[in-house]
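Record features, source TrEMBL:
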ACT_SITE  Arg321  active site, proton acceptor
COILED    525-552  coiled coil
COMPBIAS  660-671  compositional bias 'Polar residues'
DOMAIN    17-448  domain 'FAD-dependent oxidoreductase 2 FAD-binding'
REGION    651-671  region 'Disordered'
Amino acid sequence: MAAKSTTRSEGGKVRRVIVVGGGLAGLMTVIKLCEAKVPVDLISLVPVKRSHSVCAQGGINASVNTKGEGDSPQVHLEETAYGGDFLANQPPIKGMAEAAPGIVHMLDRMGVPFNRTPEGLLDFRRFGGTLYHRTAFAGATTGQQLLYALDEQVRRFELADVIDEHGVAIPGEKMVRKHEFWDFIEAILDDSGTCVGCVAQDLKTMQLRAFTGDAVVLATGGCGIVFGRSTLSVICTGTAASAVYQQGAVYANGEFIQVHPTAIPGADKLRLISESARGEGGRVWVPKDKSDARSPRDIPEKERDYVLERMYPGYGNLVPRDIASRAIFRTCFHEGRGIFNAATGRNENEVYLDLTHKDEKFLRAKLAGILEIYEKFAGTDPYKNPMKVFPAVHYSMGGLWVDYEADARGALKVGSPRNHATSIPGLYAVGEVDYQYHGANRLGANSLLSCIYGGMVCGPAVASYQKSIKRSALDLPRSIFDKAEKRAEADYQRILTQNQDAKQPENAYRLHQELGEAMLRDCTIERDNATLDRVLEKLGELEERAGRIKSTDTAPRVNQGAQFVRHLENMLVLARVIAEGARNRDESRGAHYKPEFPARNDAEWQRTTLARHEEKGAVRFIRAFDYACAGQSIHVTDAVDTSLVAPRERKYEQAGAASAQATGKLSQKSV
């Protein structure tokens, strides 16, 4: 029998759900929970408006078809499945594609300042992997505008009273309580293995606290900092995903890491130059003569090699990111045709991204945000000179395994407690931290969409789960939470005190630098088994040396050094999942490319990589498992649901190859 009140516990306290992460996925989950009258504790590592979603530039996909090109959610479904190399379960994609137009119109009504056509309609640009203008955008700061709009909606609920089952406001209780500058430490599991809260640390006072929640939703983003330099914020360490993976959550498709083809090279950070630059007409090229030292403006058209247009005439500069990055990598590394540097006498690992043929007024209206970034950090005017760019780690298609339940049409059954549930009962994941929507490669502008759609699905799922549980977490013995808090405190004290008297201690930041160098060099665009074996050997060495880390900061307040030690330990665990997954998958699919196994092998590898954490950090790959959700035992396998779009070879040399209308491959069930 379910709990009598969905608002109060047996002891009369307000029942809450915990959402960890204040980006787009987390905020939309909070909104949907509040609409379902579920109070929320929102925990965020940084102020919500500084979540990594703020860095997204290019846009959000939706088949609104204002330009009359014949685009539709069905075409969006197929191009997403095709772009992901048929490794994503298709019902979640179908649900996302069908919901996308409504999501964009909802955001428009919330006040997002989308660009518009002269007629006043929403404007759309092209992004990679499609021939349709499908990407709604707010200049080149779309993520920021969406994040601010959703946070404004959440702020309404911060002021809204919790209303009990009798329609009476509960004094002092608001629908949303924000806890900013709190770091997620671990999930709290009861004796049955069900998640009933989490431990987090106040990064100002360094206080550790056990939060009680009927469910916990992780919306903590990606893990790009595992690779050292990337386009991601320094907060994107993957520490929360790693922590719950170590507690038993299954991790899926960890080996699929997206490398964005165009970023500003830098010694400290690789700053993204959005795909929107190519969507608005930017062209990638290198001089045909690899020793050509002239200024790019002095090199005539006939002496330029437009690499992507030559190799993939069907889609040109807007091929999917995995393909574009490999082409640029091949040009620079294997052919030695990067931009010639007369000062050093060698070809640098850079190519030109050229917008100088476009009108400056047009560029300022549509791309000012990213072009200002380039001018600031590169010191060159991109309106008059081609930009120098190179691929950079950008996104994780893999993440925590999450479930879904399909309806009769093959889309998602909204409200099912299985949607976005991890393998730990009561623990949910949404956004880049989960693996659900993108398969082996994400199409540009599907990220913001999947975050918001995921939140729209996850919120009702968690509300359904809360109604199904027999007892609120608030009514469990307090000892469960005290033990978790004490365990976290003991671990924190370990970090502060270990190796303080050691003669040759290790430095956490130096170890992270070595980790990033190894992962970035040998586990990104091209992989081979011998090199991956060396990566795994290096990870073993780093894991051993991590036990000798001395925290150089032992301050009782605002201790970023000790926090980083904990994150590094979790990053090492996640790095092993990524590298072991890459070593295990002997094929090439999407972002995972092995020249020794250059073809996709559906017979052996059209399946989800499912990883479990074992003793001493070992990774165990499994083919199936069972988990409990809302009183049901559910059997899960690694099979991929391709019932809506028949798998076929990706061929972006041909225009329209990814489109249902060009191929006729869309099955009747998906229409």
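Glycine too: its Cβ is placed from the backbone N, Cα and C atoms.
Note: TrEMBL annotation is automatic and uncurated.
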Which residues, given as numbers and ranges, are at least 6 beyond the ends of the coiled coil (525-552) yet have a Cβ under 8 Å from it? 259, 325-326, 329, 391, 495-496, 498-500, 502, 504-508, 511, 514-515, 518-519, 561-562, 565, 568-569, 572, 575-576, 579-580, 582-583, 586, 592-596, 617
Restricting attention to the domain 'FAD-dependent oxidoreductase 2 FAD-binding' (17-448), give the mean pLDDT. 97
According to DSSP, the residue listed as 'active site, proton acceptor' sits in helix
